[in-house]
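Since the structure comes first, as structure tokens, the remarks are kept for the end.
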Amino acid sequence: MSKKRLYEIAKEVGVESKVIVAKAQELGLSVKSHSSSVEEADANRITSSLKPGTAKDESKPAPKATPTPKEEKVEPKVDKASVAKSAPAKETSKAEVKEASVALKKPKSRNFKAEREARAKAEAERRKNGGGRDNRNRNQQGNDQGKRHNNDRRNQKGNGQGDHNKGNRDNSTNHDRNFQGKLRNDQNQNNRRDNARNNQAGPRIDLKARAAALKAEQNAEYSRQSETRFREEKAAEQRRAKEQEKARKEKQQVKVAVQKAAAETKPAPKPAPVAPQSAPTAQVQDTRRKKVRPNKSRDNRRVNEDGPKQTRNNKWNNQNQVRNQRNSNWNKNKNKKGKNNRGNSAPKPVTERKFHELPKEFEYTEGMTVAEIAKRIKREPAEIVKKLFMMGVMATQNQSLDGDTIELLMVDYGIEATKKEEVDNADIERFFVDEDYLNKDAMVERAPVVTIMGHVDHGKTTLLDTLRNSRVATGEAGGITQHIGAYQIEEGGKKITFLDTPGHAAFTSMRARGASVTDITVLIVAADDGVMPQTIEAINHSKAAGVPIIVAINKIDKPDANPERVIGELAEHGVISTAWGGDSEFVEISAKFGQNIEELLETILLVAEVEELKADPTVRAIGTVIEARLDKGKGAVATLLVQQGTLNVQDPIVVGNTFGRVRAMTNDLGRRIKTAGPSAPVSITGLNEAPMAGDHFAVYEDEKAARAAGEERAKRALMKQRQQTHRVSLDNLFDTLKAGEMKTVNVIIKADVQGSVEALAASLLKIDVEGVRVNVVHSAVGAINESDITLAEASDAVVIGFNVRPTPQARQQAETDEVEIRLHSIIYKVIEEIEDAMKGMLDPEFEEKIIGEAVIRETFKVSKVGTIGGFMVTNGKITRDSSARVIRDGVVIFDGKLASLKHYKDDVKEVGNAQEGGLTIENYNDIKVDDVIEAYIMEEIKR
């Protein structure tokens, strides 16, 4: 036989599992929990032993009726009221009653009017068809059995009496319909067969009632837990109240003891005899306690700390009802104003001010206010204001004081005052001059920084090309270096950093900048050219920077090379060879063929070893900007030379007047690196703007400090630029007036790197054309954009692009606005073009040229024409478009133009030498015989 678990039996019967377990234990079965198994016979015993009413209505078998042919048992049609009256009283537990009440649902409202109309219509139809009573009974019996089948699902959704009534209502409706004969006999037979099958099935489980029972059980458990939790919270609140009361009493005792001790120290007069105040005090305290609203509990009982619960007065319930009706935040405990409630609030204790000792030292800053000083020395501002008034200084607590006043005030208090040295966070130069910034114990040897200088086309880039084994020289426009480059090579296990500077005269500032950051200068002089102007300039820069010079005499492979002449010329400028007793090393090389290059590198390392070059790689990096430019995809790109410390990716950095974070870092070979030590040239991205070449940079501790320093430096630079106003004085008054009369060529300069921008602007400003000057409206790094064209159109300027190109939008806008764009890659061409433009803007200058002379031989006066002078040309020629002067006795009488010129009777353009003719002069008729006519023209002078 199969076994059943107890919870399965409970589900079938429709009761809780614990009831089945208890019943099984009463019957003597060995079970422990609802998961225990029993035999089928024991399961039937448990089911049959349950009390009536425990199982659901669906599990009860229907009473059997006497079978009749073609008829089944018919349940009588009953009403809800009759069922409620005739139903036997069942013994149910409290939980089951609660479950039934929870599961009870309100039946849906019926449309009685529609039912009456349907019944009347069906009755009329039945009478018309002549249906008999037997047919009606059969239909009713079939429908009574079918209604249970058709409404089985509907009955299962209900619970308890409500579902039973609902099924009865539906059954009565179906009965009314089938009573009219609307269901066929075959449908009735099917209904009877289904009902018979359902009656033979086992007991059903009412899931709705079961769910309601579980819900009721959960609600009961939650109510018990809530009650327990509420009581625990109430007990905790009472404990806290007791502790607070105890602490208050202890504090009161301490206060009384302190007052008593203070009274004992002072001799007090004899107190008058007074009545004991203990009883009235207790009475007052009791009165106050009565006025306080008692603690509330959830069951509307008054809770006393030392006694049982008491029933609450109806007064509080009425107040709660009024409060709920008002729906307001009414608070009964709110203190009412008035003399009757003055005793409810305890008097505030008087706080005694703590005495603070004066500090021994006081560090002040210029401009501190009285309030700030009072806060620092723990004194009232009024006290300090009083002291200042006694010293003769009228001040308020928000007034700033100077350093002398603060020191006098501190002397009066007996405090030693010292002025605080303020550190300018925006000052980058302090890192370069502060000796304490570097750790002397962490100093290590660093690579030398070598700057290659010399005249243009003397072979500087070719030497670097040979050293780096690359074709840098062929990539330069016009064969000259346009901007500075930094490279690093390795020789004998040691690194050397090279800086390449341009040799053209326009790049003076770049050469000076290179000399300021270098350790050794390699001066290249061509053996066939000798010392040139830029060679002398490089010598002066190196001497000004105090940098040792190594002379590399290049192009010794040429037939006309003369190294001895170069050595002698350099000696005249203070560069003396060690062979001649000087301190400069000379090396004869051929950069083109790589001759003596190793000797040059060894000489550089030897001089570097003598110089003892060291750096501290442990500090935050500082250094100098070698070059800066704007890249279309990367933004601002700066080439930096790290001089001290180590530069890392993501370091917050301040460069010149801008700031940023090192986003990416590449070395001279274009490879990405994460760190760069001393003497390493790197290219970084991540700056907000392109800095100026030659600016110093420093790494800060965090991005916030770097941002503050960068913004402050930019602000100061802007203020400094605005302060550079030219004031008119007696000394420069003439120059100012002359400048107002001069013509101006406005230019906008855009270049690829910052060094080229500076060099180009300086070169254009040096162009000397009398009467014309160059005005650089704007200069920047990057491509020519629309804003440049707009500015050029507004200022009537020419846009010069050096190694850059305009964007398509800028080019289209320039064509529309008729703005001229000049693109160049060689600085010579730019200077020549601007110089020609400046000369073309001058007003033309004319020079007087005498072309002929004539003598008046006869005069003729003609009406409406004037005086006609007959002349003979004595020198040169007289032309029709020439001007004429009338000279009489060596004095110019009139200067004007010829009105007509004739040879005999014909109008001619000119009359040659020794020929005769006639002429008239505009607006002059006083021509006399022997007057000399001098003919001249004005010729333009070429500049």
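Placed from the backbone N, Cα and C atoms, the Cβ positions cover glycine too.
Looking at 466-469, 554-557, 814-817, 822-825, the stretch flagged in Swiss-Prot as region 'G4' turns out to be 554-557. The feature region 'G2', as given by Swiss-Prot for the ranges 479-483, 559-563, 674-678, 809-813, sits at 479-483. Annotated by Swiss-Prot as region 'G3', the relevant range among 500-503, 632-635, 720-723, 900-903 is 500-503.
As stated in Swiss-Prot, the feature region 'G1' covers range 454-461 out of the listed 454-461, 878-885. Summarised by DSSP class, the composition of the compositional bias 'Low complexity' (254-266) is 12 helix, 0 strand, 1 coil. Per-residue pLDDT, averaged over the region 'G2' (479-483), rounds to 42. For the region 'G4' (554-557), the number of residues in each DSSP class (helix H, G, I; strand E, B; coil) is 0 helix, 1 strand, 3 coil.
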